Amino acid sequence: PFFVNRGGLPVDEPTWERMWRHVGRIHPEGERVAQRIRGAADLPKIPIPSVPAFQPSTPIPERLEAVQRYIRELQYNHTGTQFFEVKKSRPLTGLMDLAKEMTKEALPIKCLEAVILGIYLTNNMTTLDRFPISFKTHFSGNYFRHIVLGVNFGGRYGALGISRREELMYKAPVFRTLSELIFDFEEAYRRCWHTLKKVKLGHCVSHDPHSVEQIEWKHSILDLDKLTREDFRKELERHARDMRLKIGKGTGPSSPTKDRKKDVSSPQRSQASPHRRNSRGDRRPSGEKKPADSKAMPDLNGYQIRV
C-alpha cells in the first residue's frame with residue numbers, strides 16, 4: 001500500500017494530497033480503501049532503509065556504493081503515481097529540501113527523484129564532481145527518457161541512479177573518460193533493444209546545499225542522428241573538458257550561497273531569460289544550444305531563503 005510510509009505512519013499532507021489527486025481519478029472507492037488500510041493494526045512492519053552515514057576515512061567509492069544501495073532499497077516506483085513533484089527550475093536549496101522529504105517518507109522513487117537524492121547524499125563528498133546525464137531512446141515506435149547522476153572521482157567516471165533495468169543505473173567510477181561511460185550506457189540500451197537518439201549533459205552541481213543556483217541540466221545536447229561516431233566522442237570529451245575548466249576557474253560545484261536579505265522575497269526571473277548557459281561561444285554540432293545570458297536569474301517562484 002502506498003498511502004502510508006514504510007513506518008506505517010501517514011505521509012505528510014502535501015504528499016498525501018498529491019497522491020490522492022491521482023488515485024481519486026482512477027479509483028472511485030479510493031478514499032474508503034485508503035482509510036481501511038491506514039486504520040489497519042495488523043499490517044506487517046515494512047523496514048525503513050537507513051540513510052547512509054560515513055566515517056571520514058571511508059573511501060569515496062565505498063560511499064558511492066552505499067548511496068546506491070540506499071537508492072535501490074527505496075525501490076523503483078511502479079505504481080504510476082508520482083509521489084514527489086520535482087521541478088527542475090527550482091533552486092538547489094529547494095531540491096535539497098525535497099530530498100530530505102524523500103528520506104523521511106521512504107517511498108518508491110523514479111529516475112529523476114533518484115538524481116536529486118543522489119546529489120543530496122553526496123553533498124559532503126567535496127572531491128566528487130556530480131552532473132546530470134539524460135538519455136532519449138527509441139523502441140518499437142516510441143521514445144523513452146531516462147536520467148542518471150554522472151560522477152567523477154580522481155579522473156574516473158561513473159553514475160548513480162535507479163531504473164527498471166539493472167544495467168541502466170549504477171556504474172562504478174572506473175571509466176577513464178566520459179565517452180567510455182556514455183558508450184557503456186549505449187551498449188546497455190542496445191541489449192534492451194533500444195536505440196540511443198540523444199544525450200543531454202549538465203554541468204557540475206554545487207556542493208552547497210543552500211545554494212540558490214539552478215542545476216544546469218542541458219549544457220550540451222548531442223543528437224546522434226546529426227553526429228558521426230567520432231564527432232559524438234569528441235563532443236563528449238569536449239564537455240568533460242568544459243567541466244574541468246569551469247571547476248578550475250572556481251565557478252564549479254563549490255560555489256558559495258548568494259547573499260539574500262532576511263524576509264525579502266527573491267526576484268522573479270524574466271520570461272525572456274534562457275534556462276541554459278553555455279560558457280562556449282560556438283554552437284555544438286547538434287545545433288541545439290541557446291546563447292548565454294549572464295544576467296539570467298533562477299525561477300524562485302517566491303521562494304524565500306532562510307538566513
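Quick reminder: no glycine exception, Cβ is built from N, Cα and C everywhere.
Quick look at what TrEMBL annotates:
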type     : residues : note
ACT_SITE : Cys111   : active site
ACT_SITE : His146   : active site
ACT_SITE : Ser163   : active site
REGION   : 243-307  : region 'Disordered'
COMPBIAS : 279-293  : compositional bias 'Basic and acidic residues'
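Counting neighbouring Cβ atoms within 10 Å of each of the active-site residues (Cys111, His146, Ser163), the lowest count belongs to Ser163. Cα to Cα, Cys111 (active site) and Ser163 (active site) are separated by 6 Å. Here Ser163 (active site) is positioned 8 angstrom away from His146 (active site), judged by their C-alpha atoms.
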